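These notes concern the structure reproduced below.
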C-alpha cells in the first residue's frame with residue numbers, strides 16, 4: 001500500500017486498516033486520520049507517536065493496559081489480536097513448555113502488580129529465551145523509567161506494524177504535500 005492510497009482513505013477505511021497499530025487503540029488511528037495528508041511512513045508514524053506522547057500518564061498507562069500478557073491467558077484462550085498472535089508466535093512464545101509458560105505467567109503477575117500494567121515488549125525483536133530475562137530485569141526498574149521503556153516498546157511494535165502494512169512503499173515512496 002502506498003501513501004497516495006493511505007491519504008485517499010475515508011475515515012472508516014483508515015480506522016479499519018490502522019486501528020490496531022497501537023494494540024486495541026483504534027481511537028488513536030481515528031485521531032491520526034485528521035492529520036492527513038501524510039508525506040510518508042515517518043510522517044504517519046510521527047503522528048501516532050505524538051498522540052501517545054501528548055496523553056497524560058493515565059492515558060499512556062491505558063494504552064499499556066490494552067496489551068496482552070506475553071504467553072498469557074489471551075494466548076491460551078485464542079483471543080489475541082491477529083497481530084499479537086503473529087508477533088508472539090514469531091518470538092516462540094506460542095510453543096513454550098509448561099515450566100517456561102508458568103515461569104512467564106509468574107513474572108507477568110509480579111510485573112503487573114508492581115507497575116499496574118502488563119509487561120510490553122516488541123516480541124518480534126526478541127525470542128523465547130530473552131523475554132523472561134528482560135521481564136525479570138525490568139521488574140527492577142523504577143516506575144517512571146519503566147513507563148518510558150514500555151511506551152518505547154509500544155512505539156517499536158507500532159513501527160513494525162506500520163512497516164508491515166505499507167510494505168516496500170514505506171521507505172521509498174514519499175508524497176509531495178502542497
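Quick reminder: no glycine exception, Cβ is built from N, Cα and C everywhere.
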Given Swiss-Prot lists 84, 85, 86, 87, 88, 119, 120, 121, 122, 123 for substrate, the same-site residue among 68, 143: 68
C-beta crowding around residue 123 (substrate binding site), within 10 angstroms: 25
Most distant Cα pair in Å, residues 68, 84, 85, 86, 87, 88, 119, 120, 121, 122, 123 binding substrate: 18
